[in-house]
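What follows is a single structure, written as structure tokens, with notes after it.
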Amino acid sequence: MSTLFVAGAGTEIGKTYVTAALTRALRASGRPVRALKPVASGVPDLSDPDFSASDTALLLAAQDLPVTPETVAAMTPWRFAAPLAPDLAAAREGRSLALADLVAWCETAIAAPAPGTAVLIEGVGGLMSPLTAEATGLAWLKALRLPVLLVSGSYLGAISHALTAIETLHHHAVDLRAVVVSETPGAPTPPETVAEAIARHAGVRVLCVARGGGFPAEGLDVVPA
């Protein structure tokens with residue numbers, strides 16, 4: 001199964017940038033890709049000009065897909081306006097989000113593309129961010145039983161956050177394919193230095209993605225064949 005879950009060591013650290021970069025790199029290599037962001041908070045209305053900067057719009061652009069009500073719904077069926085954890089954002093709108101429904105939707109989406117298509121599922125928030133009233137992002141990816149690409153930033157404190165997330169994934173026997181350090185604009189430490197420290201302490205494969213740069217070609221094998 002050519003499916004990868006893109007998780008974050010924290011919130012707003014570059015998951016979508018990395019997912020979009022990986023999508024473009026895979027497509028450039030000749031591999032068909034379907035990238036999905038099933039849940040998103042802080043999403044403007046489709047009629048709002050700011051929607052073009054949303055995670056959903058960025059992933060559609062990486063696949064050369066137009067922004068329409070249909071493509072948006074197919075990419076991100078659970079969209080919430082408030083920039084809060086999904087369970088809180090849903091409650092504010094009088095809605096609910098059930099883990100079983102989310103997992104079922106993802107399983108259907110994974111099975112839909114033609115054989116050989118790489119399916120990327122981007123999580124929401126950090127690894128332990130509340131997802132529903134009872135479940136976290138970790139529970140979601142464990143239920144899907146998918147290999148994981150963990151995204152870290154390069155900000156001050158990113159090394160500790162990444163090592164904590166790696167330890168959590170290992171404790172729960174999750175297949176961690178690699179860590180990607182996504183450059184944090186204005187960070188005092190180069191992403192390569194952060195990546196070296198994470199690799200040294202955790203003994204895992206670590207890649208770097210610079211802001212304005214693409215996904216490294218040598219890292220495309222993080223997506224199972």
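A Cβ is built for glycine as well, from the same backbone N, Cα and C atoms used for every other residue.
Now, the feature entries from Swiss-Prot:
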- LYS37: active site (ACT_SITE)
- GLU12, ILE13, GLY14, LYS15, THR16, TYR17, ASP55, GLU122, GLY123, VAL124, GLY125, SER182, GLU183: ATP binding site (BINDING)
- THR16, ASP55, GLU122: Mg(2+) binding site (BINDING)
- SER41: substrate binding site (BINDING)
Using the alpha carbons only, what distance in Å do you get between GLY125 (ATP binding site) and SER41 (substrate binding site) once rounded?
9
Determine, from DSSP, whether SER41 (substrate binding site) sits in helix, strand or coil.
coil
Within the chain of ASP55 (ATP binding site), which residues six or more apart in sequence place their C-beta under 8 angstroms from its C-beta?
LYS15, THR16, LYS37, ALA40, VAL43, THR76, GLU122
Between GLU183 (ATP binding site) and SER41 (substrate binding site), what is the CA-CA distance rounded to a whole number of Å?
22
For a quick check of packing: other C-beta atoms within 10 Å of the C-beta of the residue listed as 'active site', how many?
26
Within 10 Å of the Cβ of GLY14 (ATP binding site), how many other Cβ atoms are there?
24
List the other residues in this chain whose Cβ sits within 8 Å of the Cβ centroid of the Mg(2+) site residues THR16, ASP55, GLU122, in sequence order.
VAL6, LYS15, TYR17, THR19, ALA20, LYS37, ALA40, THR56, LEU58, LEU59
Taking the Cβ of each of the binding-site residues and counting other Cβ atoms inside 10 Å, which one has the highest number: GLU12, GLU122, GLU183?
GLU122
Would you mind reading off the Cα separation of SER41 (substrate binding site) from GLY123 (ATP binding site), to the nearest angstrom?
11
Helix, strand or coil for GLU122 (Mg(2+) binding site)? Use DSSP.
strand
